[in-house]
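Features reported for this protein in Swiss-Prot:
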- Ser64: active site, phosphoserine intermediate (ACT_SITE)
- Asp14, Ser64, Asp440, His441: Mn(2+) 2 binding site (BINDING)
- His125, Arg155, Asp156, Arg187, Arg193, Arg259, Ala260, Asp261, Arg262, Lys332: substrate binding site (BINDING)
- Asp399, His403, His459: Mn(2+) 1 binding site (BINDING)
Amino acid sequence: MTATPKPLVLIILDGFGHSESHEGNAILAAKMPVMDRLYETMPNGLISGSGMDVGLPDGQMGNSEVGHMNLGAGRVVYQDFTRVTKAIRDGEFFENPTICAAVDKAVGAGKAVHIMGLLSDGGVHSHQGHLVAMAELAVKRGAEKIYLHAFLDGRDTPPRSAKKSLELMDATFARLGKGRTATIIGRYFAMDRDNRWDRVSTAYNLIVDSTAEFHADSGVAGLEAAYARDENDEFVKATRIGEPARVEDGDAVVFMNFRADRARELTRVFVEDDFKDFERARQPKVNYVMLTQYAASIPAPSAFAAGSLKNVLGEYLADNGKTQLRIAETEKYAHVTFFFSGGREEPFPGEERILIPSPKVATYDLQPEMSAPEVTDKIVDAIEHQRYDVIIVNYANGDMVGHSGIMEAAIKAVECLDVCVGRITAALEKVGGEALITADHGNVEQMTDDSTGQAHTAHTSEPVPFVYVGKRPLKVREGGVLADVAPTMLHLLGMEKPQEMTGHSILVAK
């Protein structure tokens with residue numbers, strides 16, 4: 001008979017980085033008695049969640065997708081951002097068979113090439129350099145009509161920073177002698193991931209039919225008009241630039257976001273014949289390309305196929321007869337399931353999942369606690385009943401409220417997290433369980449931008465905390481990275497790590 005599991009809980013505080021600076025630091029400004037006590041009494045340190053340590057370009061801030069891939073894989077995962085950038089640099093991008101086939105088909109029929117994606121240098125969902133390369137590819141393949149549908153950022157970049165990006169694309173089209181910006185809209189509409197189809201329909205109708213509340217002669221003019229309406233980049237309303245550039249049958253549409261979670265919904269509207277979440281006025285039959293595979297179930301080709309990861313933590317636990325729970329609210333559910341499992345949609349044997357709906361508010365500063373208390377209720381219940389060997393939870397608050405740029409809300413968010421962590425650690429103490437507390441990347445520790453004085457709404461490259469909660473005589477070694485977390489969990493579970501995991505336990509004997 002097997003012993004009753006005493007769970008090992010991995011608590012991922014999304015967007016919860018470490019900074020010594022008090023300026024705009026919601027964590028240091030908050031009252032967090034539980035975390036303060038854990039830092040004083042439990043083995044803890046800092047680990048890296050950015051740049052080359054997570055498979056991103058040197059100096060690039062981490063993000064939730066990348067962070068969870070590394071956390072679950074137990075090895076540094078070469079990221080799509082890096083793959084695409086390298087392909088452009090090596091020239092392979094311009095021969096990519098999937099993109100070239102779609103463009104050539106459109107060009108051969110005298111049709112247009114539509115390039116859409118997040119236009120910024122944020123590097124989280126996309127990079128403007130990739131959109132420049134796509135425009136160059138279209139011209140090289142003979143396209144005469146090239147239209148850019150620009151989604152504006154202001155979330156992974158400063159709130160009002162899109163002008164330079166729009167000017168870059170204008171300069172690119174001028175240099176190439178072809179192409180223009182056709183529409184601009186904030187990512188709030190085009191890149192929803194919470195089934196808010198009213199937002200997505202606004203973006204779809206703008207791109208497909210040039211249906212827009214506002215018109216402007218240039219992207220920059222449209223942006224300045226939005227600022228005059230007090231709309232930051234993220235929230236810029238549907239704006240048509242110049243003459244209508246509708247999407248017609250036979251056109252090529254290339255979505256240049258490399259990150260999947262905020263590209264799925266708009267993609268589904270374009271390509272799913274049985275799409276029912278809102279009524280499309282038209283569904284043009286286009287040659288659609290996803291830059292990467294946004295979901296296996298989406299009926300469209302991807303330019304960069306997903307690489308498979310063998311023996312990620314979830315798979316290895318399942319193969320060794322261990323049970324696991326994955327739990328998060330809507331905003332981060334994909335991260336604690338799909339991304340943590342190395343890009344796999346289906347649960348592993350013995351893996352259960354709980355999705356708690358995120359609150360239906362326009363922005364999460366209006367409800368900084370989000371659904372964290374409800375998530376915690378489920379975890380405490382699972383711990384008390386000792387249902388699982390391993391529980392993996394994501395708390396979205398630090399990241400989602402951090403993105404609002406509103407300090408007071410961010411303080412409330414992290415104070416709520418402190419209460420939740422306290423409830424989990426108290427429940428674990430009763431049953432003899434253990435926990436690891438960490439984060440996927442920074443955000444909420446920097447709510448103001450020192451250089452501009454604007455709200456800081458983006459992620460950071462700061463290290464993230466790593467705390468062991470338990471009774472073993474252990475200490476945290478120096479130099480840990482996110483890829484070391486899964487091997488650390490296996491170490492605590494008394495399991496050998498698989499050879500595919502190149503990370504090393506962060507915990508060593510005292």
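Quick reminder: no glycine exception, Cβ is built from N, Cα and C everywhere.
Structure coloured by features recorded in Swiss-Prot.
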residue : record                 : contacts (Cβ under 8 Å, 6+ apart)
His125  : substrate binding site : Gly117, Leu118, Asp156, Arg187, Met191, Asn257, Phe258, Arg259, Arg262, Ala263
Arg193  : substrate binding site : Asp261, Arg262, Arg264, Glu265, Glu331, Ala334
Ala260  : substrate binding site : Glu65, Thr292, Gln293, Tyr294, Ala295, Ala334, Phe338
Asp399  : Mn(2+) 1 binding site  : Asp14, Gly15, Phe16, Ser64, Lys332, Asp440, His441, Asn443, Val444, His459
His403  : Mn(2+) 1 binding site  : Gly15, Arg155, Tyr364, Asn443, Thr457, Ala458
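Considering only the binding-site residues Arg262, His441, His459, the Cβ with the fewest other Cβ atoms within 10 Å is that of Arg262.
The residues near the Mn(2+) 1 site, meaning same-chain residues not in Asp399, His403, His459 whose C-beta sits within 8 angstroms of the mean position of the site's C-beta atoms, are Asp14, Gly15, Asn63, Ser64, Arg155, Asp156, Gly398, Met400, Gly402, His441, Asn443, Val444, Thr457, Ala458, in sequence order. Apart from Asp14, Ser64, Asp440, His441, the residues listed for Mn(2+) 2, the same chain places the Cβ atoms of Ile12, Gly15, Gly49, Gly62, Asn63, Gly67, His68, Lys332, His335, Asn394, Asp399, Ala439, Asn443, His459 within 8 Å of the centroid of those Cβ atoms. Shown are the binding-site residues Asp14, Asp156, Asp440; of these, the residue with the fewest other Cβ atoms within 10 Å is Asp156. According to DSSP, Asp399 (Mn(2+) 1 binding site) is assigned to a helical segment. Under DSSP, Ser64 (active site, phosphoserine intermediate) is assigned to a helix (H, G or I) in the three-state scheme.
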